[in-house]
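Presented below is the structure to which this report refers.
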């Protein structure tokens, strides 16, 4: 019974904070008033005020924000930057590496926030498919970044090694990104399920916000992958490496 009460309280608090994101700022939720000190300590306080109400952004909502901006948006920009920026190859390589590094850090922070919130709310960790895939994505993302750093940046592998592994590095990176985008949509579905189990209307503002955010995420990911598909052929990559090695 105690665990059920904790989970119910958690979902109610999640509902209130998510409702605030959607624009329901008129009143201060009773849940947030009763736990104001804890919310300030463990969550983020947004300086949004309407009618004297302070909107509290809980730690549970830090997770989707960091994962979305990290792995999906910045990670997507990292993929696009290497293909489309009008800079020298070495400059694009540094930008690609730096953006992926930022995305990885934000992803780790986002996952840590989810674990922290679950531990403090008495909720089990790693019980859902979303969490399992999420751990796999962040591990693969980290491996990709480390290999890219060692093989293509510093100390750097031989021209033959880079030529042989570049297509696989690009393919695995695209697969990890697709997996991250799919898992993001799965996370939005899980979020919506929690909200609706707490009484949110199926066609309410919160439900529409979650669905449209998920659709926008998927569309953005599709355009990122299209940019990968339209990249130059492998022969052009090989010529680029030969020219670079000759220098």
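Including glycine, each Cβ sits where the backbone N, Cα and C put it.
TrEMBL entries are annotated by machine, without manual review.
What TrEMBL records for this protein:
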type: DOMAIN; residues: 19-229; note: domain 'Cytochrome b561'
type: TRANSMEM; residues: 65-82; note: transmembrane segment
type: TRANSMEM; residues: 94-115; note: transmembrane segment
type: TRANSMEM; residues: 127-154; note: transmembrane segment
type: TRANSMEM; residues: 166-189; note: transmembrane segment
type: TRANSMEM; residues: 209-229; note: transmembrane segment
Segment-segment contact (the transmembrane segment (127-154); the transmembrane segment (209-229)) at 3 or more Cβ pairs under 8 Å: no
For the transmembrane segment (166-189), distant same-chain residues with Cβ under 8 A (at least six beyond the ends): 64, 67-68, 71-72, 75-76, 79, 129-130, 133-134, 136-137, 140-141, 144, 147-148, 151-152, 210-211, 213-214, 217-218, 220-221, 224-225, 228, 231, 234, 237, 241
Remote residues contacting the transmembrane segment (65-82) - C-beta distance under 8 A, at least 6 residues beyond either end: 92-93, 95-96, 99-100, 102-107, 109-111, 113, 134, 137-138, 141, 173-174, 177, 180-181, 184, 187, 213, 217, 220-221, 224, 227-228
